[in-house]
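Marked as transmembrane segment by TrEMBL: B:29-46, B:58-78, B:109-127, B:134-154, B:240-259, B:274-291, B:320-339.
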Amino acid sequence: MTRFPLRPFCAALVLTLALAGCSSTGGRRAEQARERAGAAGGAVDTPRWRVAMVTHAGAGDAFWDIVRKGAEQAAAKDNITLLYSNDAQTQNQVQLVQAAIDQRVDGLLVTLAKGDALGPVLAKAKAAGIPVITINSGQEFSARFGALTHIGQDETVAGQAAGATLDARGRKSVLCVIHEQGNVGQEQRCDGARSKFGGQFQTLYVDGVNMPDAKAAVSAKLQADPALDTVLTLSAPVAATGLQAIQDARRPVELDTFDLGTQVVAGLQAGTVGFAVDQQPYLQGYQGVDLLWLYRYNLDVLGGGKPVLTGPQVLTKDDAAALAQYVARGTR
Amino acid sequence: MSAPAPAPVDVLAAERPPAFRRLLKRPEIGALIAAVAVFLVFSAVADSFLRTSSFGTVLYAASTIGIMAVPVSLLMIAGEFDLSAGVLVTTAALISSMVSYQLTAVTWVGVLVSLLVVLAVSAFNGWMLSRTRLPSFIVTLGTFLMLTGANLGVTKLVTGTVTTKPISDMEGFAACRWLFASEVTVGGLTVKATVWWWLALLLAGSWVLLRTSFGNWIFAVGGDAAAARAVGVPVARTRTVLYLGVGFCAWVLGQHLLFSFDTVQSGEGVGNELIYIVAAVIGGCLITGGYGSVAGSALGALIFGMTSKGIVYAEWNPDWFKFFLGAMLLLAALLNAWVRRRVERGTGR
């Protein structure tokens, strides 16, 4: 009696199943292949420099993840080690900048949402001979603190762009949703929009890290004020929450927002989102690192003493289709 | 105060075991070992951790926690919490800045008004606690939320924005900055004013706890409030004074924030109250009261400062920052508990 060749059979079965189970398109493997392709090309011959990037971001923030991706892409291209750190509290962000100075980094990328508080520690960076570039908000402080240049968006100008667009779209009564109590940039956006908008304009504070609560707050406001016809949110996650609140209200309220996200782009395409004001976060991180590299390599400075603006860009339904793929991969 | 009474720690050690054993019996010994362990870990993995300039940064980070951990640990030994401690710091800074700016007064006026208001808030905490007999957790949770709202509401009402106006060009600013936010550099080591404040508060707190009858009252109130009342300890007054201590230290730290950063963000401080409590617990304070030390809270703050900055110096991925921090703290607390158990078992022999 011949024994059934159990072991080879099982091996063959497993192999067949494994091969049949592979997808030839997309997935993690395609992502890894892209990364390898990206890593292989275009290396520079400068030594391995270290750049610290210290932001005021909270943990796990979608917007700052895009900024960081841009910085990492530029760092990989420029043979730079990127040391990223973040803390939403002023004194902790200042301590992180001090820690970067202690580490004797070759360049420093800092956000200035806390304005004056960062002046003294950036003066120390300058004294230690570390070139500083500031990104995102706070352009009015940048030159005064001795930064080479500032890359970002003037939040008041962005707000004004939103206000003018709201006017052009014939909106009558707008609710501006602030999701971080005490964030200067968010106040500037709402104030800027108010200044260029002719109709009714109100502000609502919600808790941006507690989405059910934020949704309930917007819903309650929509119920309380039947004249409201537009909700203006200041970030992509809050925009998605705002869309849900509008859905519950069962009346034609338009949602407009700052910043992009997959749901915002889907909303633009579907017509539930009127427009999005984008500031290209990827570009802020990428340019910041790249300009530090250019400064060290060639003493190049961009902007001629003026901030380099990455926004505002007002995006509508017409732009949505082209942008969708970049938003999906997390770089727009 | 009457003649210095012996500290309860000594009362426990009635048999007078050998000096080494007595050292091991101190509440902060676990924290000391944990602090040395954390120091060794980061010395090994982070090149820039051992530089003198890095010591200054770590010491500064520890001091901004340690200043508040002193009164919070005293309060915890008396068996109470103060959840409003974190935002009270911001309140102190905001009041000082806005009073000086709006009245165009020398900055000392704002500093003094701020002290009075903060002490009033703390007295309110203590008074509510003794009058209502509600748990301090609930009472101070209420003041915490009220202060968070008032910080933003009043700031917007007064300045029109969410931050205060810069006051660095006002009279008295330089002197206030010297007192609260100056720094001395000795051989590359930058020591901030908060470090001196921290040391002074540590010495004062330790002395009160271990060498005065008020210190004995603190232990008595935390151990068993009813029994303490029965033997004549003024329980309500003891608690209120401890809350006033929290207020005073919040005032010190708040003035530091104002005079080193010039402007104050109204939304800050939320969540720090837990860090102060963590520092006190790692330092050997029992969460139920009746046991602990002030020196231990300093070690807790130091562990926190070393960990939070050490992760940066070690260039670990910041996405995991909170995870590392939590793991380090848990390990420190476990080590602490283990050492204490070993010591307690050891004395039984």
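Cβ from N, Cα, C; glycine included.
Just so you know, TrEMBL annotations are computer predictions that nobody has curated.
Between the transmembrane segment (B:58-78) and the transmembrane segment (B:134-154) there are fewer than 3 Cβ pairs closer than 8 Å, counting only residues 6 or more apart in sequence, so the two stretches are not in contact. The recorded stretches the transmembrane segment (B:240-259) and the transmembrane segment (B:109-127) share 3+ CB pairs below 8 A when only pairs 6 or more apart in sequence are counted, and are therefore in contact. The transmembrane segment (B:274-291) makes no contact with the transmembrane segment (B:134-154), as judged by fewer than three Cβ pairs under 8 Å among residues 6 or more apart in sequence. Residues 80-88, 90-91, 94, 98, 121, 124-125, 128, 162, 266-267, 269-270, 273 of the same chain lie 6 or more positions beyond the ends of the transmembrane segment (B:134-154) yet place their CB under 8 Å from a CB of it. Within the same chain, residues 24, 29-31, 33-35, 37-38, 278, 281-282, 284, 300, 303-304, 307-308, 311 sit at least 6 positions outside the transmembrane segment (B:320-339) and bring their C-beta atoms closer than 8 Å to a C-beta of that stretch.
Tertiary neighbourhood of the transmembrane segment (B:29-46): same-chain residues 23, 282-284, 296, 299-300, 302-303, 306-307, 310, 313-315, 328, 331-332, 335-340, 343, selected by CB-CB distance under 8 Å and a gap of 6+ residues from either end.
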